[in-house]
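As recorded in Swiss-Prot:
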- CYS5-CYS20: disulfide bond (DISULFID)
- CYS7-CYS15: disulfide bond (DISULFID)
- CYS14-CYS37: disulfide bond (DISULFID)
- CYS28-CYS34: disulfide bond (DISULFID)
- CYS33-CYS58: disulfide bond (DISULFID)
- CYS46-CYS65: disulfide bond (DISULFID)
- 1-72: domain 'Disintegrin' (DOMAIN)
Amino acid sequence: AGEECDCGSPANPCCDAATCKLRPGAQCADGLCCDQCRFIKKGTVCRPARGDWNDDTCTGQSADCPRNGLYG
């Protein structure tokens with residue numbers, strides 16, 4: 001509990017491996033919507049459409065790539 005990021009790799013520039021907390025100024029450490037310790041801007045495709053699924057896009061508020069669901 002209390003971990004903000006995966007402290008498995010001391011090489012991660014976004015995460016302090018000793019404390020498992022994000023480094024100062026970092027918004028995220030990993031994830032499809034995280035780039036260079038920052039959230040990727042809203043609307044950026046993080047998982048392209050496949051079959052009956054829409055493109056999944058970043059929210060701008062999270063490092064996760066949410067499932068946007070089936071075509072309407």
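Cβ from N, Cα, C; glycine included.
As the structure is a computational prediction, the values presented were derived from the model and not from experiment.
The disulfide-bonded residues shown are CYS7, CYS37, CYS58, CYS65; of these, the one with its CA atom nearest the CA of CYS20 (disulfide bond) is CYS7. The C-beta environment of CYS7 (disulfide bond), restricted to residues of the same chain at least 6 apart in sequence and closer than 8 Å, consists of CYS15, ASP16, ALA17, ALA18, THR19, CYS20.
Only CYS37, from the disulfide-bonded residues CYS37, CYS46, CYS58, CYS65, place their Cα within 10 Å of the Cα belonging to CYS28 (disulfide bond).
Cβ contacts within 10 Å of CYS28 (disulfide bond), excluding its own Cβ and spanning all protein chains shown: 21. Among the disulfide-bonded residues CYS5, CYS33, CYS46, CYS58, CYS65, the ones whose Cα sits within 10 Å of the Cα of CYS14 (disulfide bond) are CYS5, in sequence order. Helix, strand and coil residue tallies for the domain 'Disintegrin' (1-72), in that order: 0 helix, 15 strand, 57 coil [DSSP]. The CA atom of CYS33 (disulfide bond) is located 6 Å away from the CA atom of CYS46 (disulfide bond). Sorted by the number of other CB atoms within 10 A, the disulfide-bonded residues CYS20, CYS37, CYS65 start with CYS20, the lowest.
Long-range Cβ neighbours of CYS46 (disulfide bond) (same chain, at least 6 residues apart, Cβ-Cβ under 8 Å): LEU32, CYS33, ILE40, ASP56, THR57, CYS58, CYS65.
Counting in whole angstrom, CYS34 (disulfide bond) lies 12 from CYS5 (disulfide bond) by their C-alpha atoms. The Cβ of CYS33 (disulfide bond) has 25 other Cβ atoms within 10 Å, all protein chains considered. Here the CA atom of CYS5 (disulfide bond) lies 11 Å from the CA atom of CYS37 (disulfide bond). In sequence order, ASN12, CYS14, CYS15, CYS20, LYS21, LEU22, CYS28, ALA29, ASP30 make up the list of same-chain residues 6 or more apart from CYS5 (disulfide bond) whose Cβ falls under 8 Å from its Cβ.
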